[in-house]
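As written in Swiss-Prot, here are the features:
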{"type": "ACT_SITE", "residues": "192", "note": "active site, proton acceptor"}
{"type": "BINDING", "residues": "11, 30, 108, 141, 256, 280, 282", "note": "NADPH binding site"}
{"type": "BINDING", "residues": "108, 137, 139, 192, 245, 255, 256, 257", "note": "sn-glycerol 3-phosphate binding site"}
């Protein structure tokens, strides 16, 4: 199978490496210098340092060539760009006049200014593209790059997209499950990043494992309430793309969002943290969108509100925790 991966960040690179073990895979990035480095060293030293990529993996900075590679009905196009760059990439795809038959995206979050989920952005920019879906689940790019076991879910209304994605990814140490709850999968992937900042703050303040468990559990309730209000199914949030991804991101040391919380608890400013991180922390980007949607649907999301207070309103991390503890008692 021919597979084009658009976006050579950590996640796009790791997935391309996995795909190249079985398929004719082309990894695209608009940065010609990055592509030249990949071609010379078969390593993404900028985003996935120290992990050798398969010799069979090919690289290109020409979007037209990448789209042509993944356009056919028996091929697949994987969008690896983050949510912040998704609309720009989709418009470039539209302008190229080469819309792939099957598209799957792996970004997580809400578009910051519109509060739209990725599938809504894709519907707006590529309305003629109907065989598409989201691939998500508890996964760190570095572990996938190392070939360690991982389980993901592809969700799509299109049976053809589910089958094509399954055929591409389900091999080696990667197990793929299928479903059709695109909204639920996307909401889980977005909200868990905000909640991971909360658990990072709690851990950074030394509040203990009891507090971590409480935040994860009550955070899952927040995720589910918002997801159902937006059209997702409640059972999705107890699966890989809800609870599974939340546990990993809230507790794993490779989690950028958890790192943001830990550093905030230590007293560092958000600007300093993001500058040193060098990678996207989607929880910071989409926290305000999550809270705005909660308010629009009259949904209580106190943990999310506390995180936004720390990130954007100057609330001290310890004061944010105290505010959560002062909330009135209620039935679970």
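Just so you know, glycine gets a Cβ as well, placed from its N, Cα and C.
Taking the features listed in Swiss-Prot, we show where each one sits on the structure.
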residue : record                               : Cβ neighbours (10 Å)
11      : NADPH binding site                   : 26
30      : NADPH binding site                   : 17
108     : NADPH binding site                   : 28
137     : sn-glycerol 3-phosphate binding site : 24
141     : NADPH binding site                   : 23
192     : active site, proton acceptor         : 31
245     : sn-glycerol 3-phosphate binding site : 27
256     : NADPH binding site                   : 23
280     : NADPH binding site                   : 22
282     : NADPH binding site                   : 24
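Between the candidate binding-site residues, 139, 255, 257, the densest Cβ environment within 10 Å is the one around 257. Comparing CA positions across the binding-site residues 108, 141, 256, 280, 282, the one lying closest to residue 245 (sn-glycerol 3-phosphate binding site) turns out to be 108. Between the CA atoms of residue 137 (sn-glycerol 3-phosphate binding site) and residue 256 (NADPH binding site) there is a gap of 16 Å, rounded to the nearest whole number. Residue 141 (NADPH binding site) sits 14 Å from residue 257 (sn-glycerol 3-phosphate binding site), counting Cα to Cα. DSSP assigns residue 280 (NADPH binding site) to coil, not to a helix or a strand. Taking 192, 255, 257 as the recorded positions under consideration, the smallest Cα distance to residue 282 (NADPH binding site) is found for 257.
DSSP classifies residue 257 (sn-glycerol 3-phosphate binding site) as helix under the three-state reduction.
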